[in-house]
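For reference, the structure discussed in these notes is given below.
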Amino acid sequence: MGTDITATSEWQALARHRDEIGETNLRQLFADDAARGLRFAVTVGGLYIDYSKHRVTAETLNLLVDVARAAGLETKRDAMFSGEHINTSEDRAVLHTALRLPRDAALTVDGQDVVADVHEVLDRMGDFTDRLRSGDWLGATGERITTVVNIGIGGSDLGPVMVDQALRHYADAGISARFVSNVDPADLVAKLAGLNPATTLFVIASKTFSTLETLTNATAARRWLIEALGEDAVSKHFVAVSTNAKLVAEFGIDTDNMFGFWDWVGGRYSVDSAIGLSVMAVIGRERFAEFLAGFHLIDEHFRTAPLEANAPVLLGLIGLWYNNFFGAETRAVLPYSNDLARFAAYLQQLTMESNGKSVQADGTPVSTATGEIFWGEPGTNGQHAFYQLLHQGTRLVPADFIGFSEPTDDLPTADGTGSMHDLLMSNFFAQTQVLAFGKTADEISAEGTSPDVVPHKVMPGNRPTTSILATKLTPSVVGQLIALYEHQVFVEGVIWGIDSFDQWGVELGKTQAKALLPVLTDAEPPAAQSDSSTDALVRRYRSERGRTA
């Protein structure tokens, strides 16, 4: 049987503390401690992380750390970094942290020199992208490649597309990237629009080279290329990120242009592996190395810092605090940077696929709520969409605000005297302030507001936020941000006793889709389905496609 964390004395002490502090108000917490904004903050690498606007006291944090220790967080953290098989349902090591180890590090797992393997692939990626960026690699007609189209899904898409947008200012070799993931043909058609086959390179990202959506899109892309340039062009315009040399070769890709990765890398943790090939093609191997160094900086902090001063630990524990003791089900991620527009979508997979589990690692039911629903949009777009609910709604939604002191782009304000970036960041600081402290009925009445309107204008405040401030959005900072959330996921998963590194919940739907495809397409009318809803939907679909229902 797995450990029931809720039965421990540490958890029960935390539950009593929750009852004692009740709805402790942030106004009062700041009034009681003039230095709270400085004391409840930590600087790690390029990230200044302010967690003072949370409903926590020093005692809360101490009790949360006690729970983490009761769950064996430090031991399990060390087990992950050393390559033990902590993914128990698949009997695998979990070594995404090895992807960013420096060349002189040492790590042997299951008899294999992991660091040497990682850097062999990174070197091959670097050599290939150097040729691509310099124009040494030419397409079938002798023209330079100007567009890389990454075809993948899930972790083979969400990471690269997010990082590509985040680091668009570091594109410096005349190469741009597009990303195709959805098996809806509209995705591929839109991404191929306006492209010249002679200057386009496809990266097919599939570990097994058998992922249905990816191979369907890859085959359609191959057909598009062959129609323009002929069969022999495939080897000059397709490369693979895969471990299945046989299927890669059968597709027409030279296996010398196949870049591998390992079973100990989960898809949602793989953007810093060969899955990042499209990113490296755009920003270059040196910037990609900076990206990896950012991950490693946070890895080392997480591995070595005391739990009480460990940023991923503290943020993971605070997330658990709201999830399990306040009934909060979601967390908003609100980057005040349009270049991080895809960050919330990336975190959705990272967090929800990892911790969306209802059984513990040993198969027994969990004893408390697990997983956070991540969502969000860049500021200030979100302010004009859903912040109303954050400020005055009945649901508690903790939020992470991410901002930068230096802009990647800046323009003057309407009157020509100010900076649009300053305007953006004034909203960042104002929103966290208003969410925390609100505005009372007395304060609103004192402004001469009509009594009938006062209740509608009251801002209750006491809405929790984390503020993450960095100097600038650089490759290193992007790596730091990703690793910060990766390790939060681990912290919460350990305390809940779940396996954060499998994803069995996505498998049954894939199997069922394969079974249903011929039901949709066969010439003969289908047999009755196992439920009346699916049966009616299938028959309506067939009828509207002109097939016998």
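Placement of Cβ uses the backbone N, Cα and C atoms for every residue, glycine included.
Which of 118-144, 523-549 counts as region 'Disordered' depends on Swiss-Prot, and there it is 523-549. If you take the Cα of His384 (active site) and the Cα of Glu353 (active site, proton donor), they are about 29 angstrom apart, rounded to a whole number. Spatially close to Lys510 (active site) yet at least six residues away along the chain are Leu212, judged by Cβ distances under 8 angstroms. Looking only at the active-site residues Glu353, His384, the densest Cβ neighbourhood within 10 Å occurs at Glu353.
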